[in-house]
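A.B. asks: There's a structure below that I have some questions on.
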Amino acid sequence: MHEMGLMEDALELVAEDAEKHAFQSVDKISLIVGDLSNVLPDALRFAFDAFRESGQIPILSQQASLEIIPEKGLAKCAVCGITYEPNAFIATCPECGMPFGVLLAGETFKIESYEGS
Amino acid sequence: MKITLEKNVMENNDRAAAFNRQLFNKTKTLVINIMSSPGAGKTTILERTVAELSKDYHIGVIEGDIATERDADRIRKKGVEAVQIATEGECHLDPRMVAKVLPELDLDAIDILFIENVGNLVCPSEFDLGQNHRVVVLSTPEGNDKIPKYPLMFHVTELALINKVDLLPHVSFDLDKAREDLRAIQPNSRLMPISAKSGEGFETWIDWIRANLEACQKH
């Protein structure tokens, strides 16, 4: 379970930026989480709640909410050029069967935005 | 007020990994990050590997575990410098943990540094440590299914060591199927059957390391 550490990183990045804007509190954080990022949304929510309740990130208000925006996995076959949603055999094209797919999306794990005042 | 940040959460990790990588480039140290599930044989492979390579090169090892110094002790018994990172609950090594212990190693003298990651086929694949090469170990008793079940690990590594091939007559592991599955996930990865117990396949593995060391020190 590495979501605890990742959530801490995310909250610190938000807190740092919010301080630059002279915010007193952060009320909402929106994260983009890709299907292939190896980050579990449920574990992120658990970690977020734990940090909010602990008061470890003082700028995070007690009413703060977490939005998780999912990003679907997407790959492009280098042989036949189609794009596809990869299954476990990431590199393999479902059309031509060749293993030369390149990932276009799904690995993202980033802070899209936050709200505060 | 809404602020659009568009910031990668792994940014701090990536920055720390780049810092490590720069340092390894400067000292011309070949760094290999070895990952697997618990019990696949990473430490046993390393014991045999360092015994072989330390005849010709200065070797260093960083051992990652959730707790205990046991693995570092096993490596030290082979007369090789080893540093233990006890992650205290974290399921992977991150580049900041690695950076913290680097001052304990004489990188100028070390030709090859092995980093043995925490036993786990999921989380370690996410974290760049600043290594030159990522290697995954899969042991034959774990079964063929591990490859499609943990595709990201096999997608981000360039070499899959299939360990415990001495057990092939007793377990249902199909090397050809493993090769086919690996190719479907990462066509640039190579599969290498070895046995840390019998030494089978070790010549190929040691040659792979030597060739990469040569390439790394040419720069």
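Quick reminder: no glycine exception, Cβ is built from N, Cα and C everywhere.
According to TrEMBL:
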BINDING   A:His2  Ni(2+) binding site
BINDING   A:Cys77, A:Cys80, A:Cys93, A:Cys96  Zn(2+) binding site
A.B. asks: Excluding A:Cys77, A:Cys80, A:Cys93, A:Cys96, please set out which residues of the same chain place their CB within 8 Å of the center of the CB atoms of the Zn(2+) site, keeping sequence order.
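C.D. replies: The answer, listed by sequence position, is A:Ala78, A:Val79, A:Gly81, A:Ile82, A:Tyr84, A:Pro94, A:Glu95, A:Gly97, A:Met98, A:Phe100, A:Gly101.
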A.B. asks: For the binding-site residues A:Cys77, A:Cys80, A:Cys93, A:Cys96, which residues show a Cβ-Cβ distance under 8 Å to chain B?
C.D. replies: none
A.B. asks: Below 8 Å Cβ to Cβ and six or more residues apart, same chain only. Which residues does that give for A:Cys80 (Zn(2+) binding site)?
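C.D. replies: Non-local contacts for A:Cys80 (Zn(2+) binding site): A:Cys93, A:Glu95, A:Cys96, A:Met98.
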A.B. asks: Return only the integer: C-alpha distance in Å from A:Cys77 (Zn(2+) binding site) to A:His2 (Ni(2+) binding site).
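C.D. replies: About 31 Å separate the Cα atoms of these two residues.
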A.B. asks: Among all protein chains shown, how many Cβ atoms are found within 10 Å of the Cβ of A:Cys93 (Zn(2+) binding site), not counting that one?
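C.D. replies: Here the count is 23.
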A.B. asks: Helix, strand or coil at A:Cys96 (Zn(2+) binding site), per DSSP?
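C.D. replies: It is coil.
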A.B. asks: Since the record lists A:His2, A:Cys77, A:Cys96 as binding-site residues, which of them has the fewest other Cβ atoms within 10 Å of its Cβ?
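C.D. replies: Minimum Cβ neighbour count within 10 Å, taken over the binding-site residues A:His2, A:Cys77, A:Cys96, occurs at A:Cys96.
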A.B. asks: Where does A:Cys77 (Zn(2+) binding site) sit by DSSP, helix, strand or coil?
C.D. replies: strand
